[in-house]
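Trainee: Found this in TrEMBL, in case it helps:
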type: BINDING; residues: Ser86, Asn118, Asp186; note: Na(+) binding site
type: TRANSMEM; residues: 6-24; note: transmembrane segment
type: TRANSMEM; residues: 31-51; note: transmembrane segment
type: TRANSMEM; residues: 79-100; note: transmembrane segment
type: TRANSMEM; residues: 112-136; note: transmembrane segment
type: TRANSMEM; residues: 156-185; note: transmembrane segment
type: TRANSMEM; residues: 222-243; note: transmembrane segment
type: TRANSMEM; residues: 263-280; note: transmembrane segment
type: TRANSMEM; residues: 312-332; note: transmembrane segment
type: TRANSMEM; residues: 344-369; note: transmembrane segment
Amino acid sequence: LNGNLSICLLAAWVMVFAILIKGIKSAGKVIYVLATVPYILLIVLLIRGLLLTNSLKGIEFFLIPDFSRLTSSEVWGDAAIQVFFSMSIGAGGLSTLASYNPTNNNILRDTVVITIGNIFTSLLSGLVVFSILGYISGQLDTSVEQIAESGPGLLFVAYPYALSSLPVSQLWSSLFFFTVILMAIDTQIHSKINNPHVQQIVQVQVVITAIIDQWPFLREPCWKVTVVALVCAVSYLIGLVMVTNGGPYILNLLDTYAGGWPLLLQCLIEVIIVAYIFGVEKYAALYKRMLGEAPSLFWKILGYPASGFYKLSWAFLTPACLIVGVLIFNFLQYSATTYGNYVYPLWAEIVGWVIAFSTLLPVVLVALYKLILLFTSSTWVDAKCKFHKYLQATEKWHQNFTKQEYIDEHENTCSEIISGAPSYQNLTISS
C-alpha cells in the first residue's frame with residue numbers, strides 16, 4: 001500500500017464529502033466553478049503547446065483522419081464506447097441530475113447543450129494533448145503515432161516529461177496537474193485521457209440518491225450526513241486497492257470489463273423496454289405532455305417535442321446501432337486483456353466477466369423473482385392480468401408525476417405573480 005497515494009485518495013474523498021454534504025444544490029454551485037476553471041487552464045496550456053516546435057505535427061495527426069480505419073470493427077466499437085463514456089450515458093448520472101428538474105424542463109435543449117459541450121471539450125483536450133505530443137516526437141526524433149499511447153502512461157509519463165523540458169517547468173507542471181485534479185473531481189477523467197468517464201461527484205450522488213429514495217426518512221439532515229459519510233468512507237476503502245503495487249493492473253481490468261460493452265448492453269435493454277414494452281407512442285405522448293408546445297421556430301425545426309424521427313430512432317435506429325455495437329463490433333474484437341507486455345491469466349479474465357455481468361445481474365434477478373412470485377401465487381388468468389400490469393407504469397408513478405406537475409405549475413404561477421407585482425417602493429399612499 002502506497003502511503004502517499006493513500007493520503008491523496010483520502011483528500012479527494014474528503015473534498016467530495018464536503019461538496020455533497022449540503023445537497024445537490026450546493027454541489028451544483030461548486031460544479032459551476034470546477035467545470036469552468038479547467039477550460040481556462042486548458043486554453044492556457046493549448047496556447048503554450050502551440051508555441052512549441054513541431055506542435056503542428058501533433059495537431060495534424062489528431063485532426064487528419066485515416067479513412068482506411070473505418071473498415072475496422074475495433075474502431076466502430078471503440079467509438080460507440082467513447083460516446084457513452086464521454087457523455088455518461090447509461091451510468092445513472094444524467095438520470096439522477098434530471099430527477100431534480102421540473103417536469104416541464106426542456107430536455108431537448110439540455111441534450112443539444114451537453115452534446116455540443118462534449119464535442120468542444122473533446123476537441124480542446126485533444127488539441128492540448130497532441131500539440132505537446134508533436135513537440136515530444138520532435139525531441140525524440142520519432143513519429144507521433146509511436147508515442148501516442150493510451151492509458152495512464154500518456155497522462156502521467158509522456159505529458160509531464162514534455163512539461164519538464166520547458167522553461168519555468170514548475171509553473172506548467174503545476175497548471176497541468178491542477179487541471180487534472182479539478183477534472184478528476186468534477187468533470188471527466190478516466191484511465192485513458194482521450195476516453196472520459198463519468199464524474200466522481202455525480203456518481204457518488206447517484207448512489208446517495210438511490211439510497212435516500214428507497215428510504216425517504218434518510219432525507220433528514222442528520223441521517224443524510226451519515227449516508228454521505230458512509231458512502232464516501234466505503235468508496236475510499238474500496239479505492240485503497242488501486243493504490244497498491246497491483247493497482248494499475250486492477251484499474252486496467254475494471255476499465256476493460258466494467259465500462260465497455262456492459263454499458264451498451266444495459267442501454268440496449270433500456271431502449272427495448274421503453275420502445276416495445278412501455279410503447280413508443282405512449283412515451284412520445286408523455287414527452288409532449290411534459291414539454292408542451294415548441295417555444296420557438298428553432299425547436300420546431302429540431303423536432304420539438306417528439307417528431308416522427310425521434311420515434312423512429314427510439315424504436316429502430318438506436319436499438320439497431322446498439323445491437324451492432326454490442327453484439328458485433330465489441331465481441332468480434334475481443335481478445336485477452338493485456339497491460340503493456342503483461343497478459344492477464346484466465347482467472348483474472350473470469351473475474352472481469354463477473355464484474356461485467358454484475359451490472360446487469362440485479363435487473364435479471366429481480367425480473368425473475370417477480371415472475372416466479374407472480375405465477376406461483378396466482379391463477380393463470382390472474383397472473384396474465386398482473387403480468388400485463390408489470391409492463392406498465394405503476395399507479396404510484398402516475399400519482400407522483402401528476403403531483404409534481406401541479407407543484408411545478410404552482411411554483412411558476414407564483415413566480416409570475418410575484419415578478420409582475422408592483423414593488424412596494426413604488427407605491428404611494430394618498431392622504
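Count begins at 1; order follows the chain as displayed.
In case you wondered, yes, glycine gets a Cβ from its N, Cα and C as well.
TrEMBL annotations: computationally assigned, not manually curated.
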Trainee: Examine the transmembrane segment (222-243) against the transmembrane segment (79-100) and state whether at least 3 Cβ pairs sit under 8 A, considering only residue pairs 6 or more apart.
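Mentor: No, the stretches stay apart by this measure.
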Trainee: Mind pulling out the one from 6-24, 112-136, 156-185, 263-280, 344-369 with the most Cβ pairs under 8 angstroms to the transmembrane segment (79-100)?
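Mentor: The stretch with the most close Cβ contacts to the transmembrane segment (79-100) is 263-280.
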Trainee: Taking residues 6+ outside the transmembrane segment (6-24), which of them lie with a CB under 8 Å of any CB in it?
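Mentor: Distal contacts: 30, 97, 100, 184-185, 200-201, 204-205, 208, 224-225, 228-229, 232-233, 235-236, 239-240, 242-243.
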Trainee: When you scan the chain for residues with a C-beta under 8 Å from the transmembrane segment (344-369), skipping those not six or more beyond its ends, what do you find?
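Mentor: For the transmembrane segment (344-369), the list is 249, 253-254, 256-258, 260-263, 265-266, 269, 336-338.
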Trainee: Go through the chain and flag residues at least 6 beyond the ends of the transmembrane segment (263-280) whose CB is under 8 A from any CB in it; none is fine as an answer.
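Mentor: Contacts of the transmembrane segment (263-280) (Cβ under 8 Å, skipping residues fewer than 6 from its ends): 80-81, 84-85, 89-91, 311, 314-315, 318-319, 322-323, 325-326, 330, 359-360, 363, 391-393.
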Trainee: When the number of other CB atoms within 10 A of each residue's CB is tallied over all shown chains, which of the binding-site residues Ser86, Asn118 has the maximum?
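Mentor: For the binding-site residues Ser86, Asn118, the Cβ with the most other Cβ atoms within 10 Å is Ser86.
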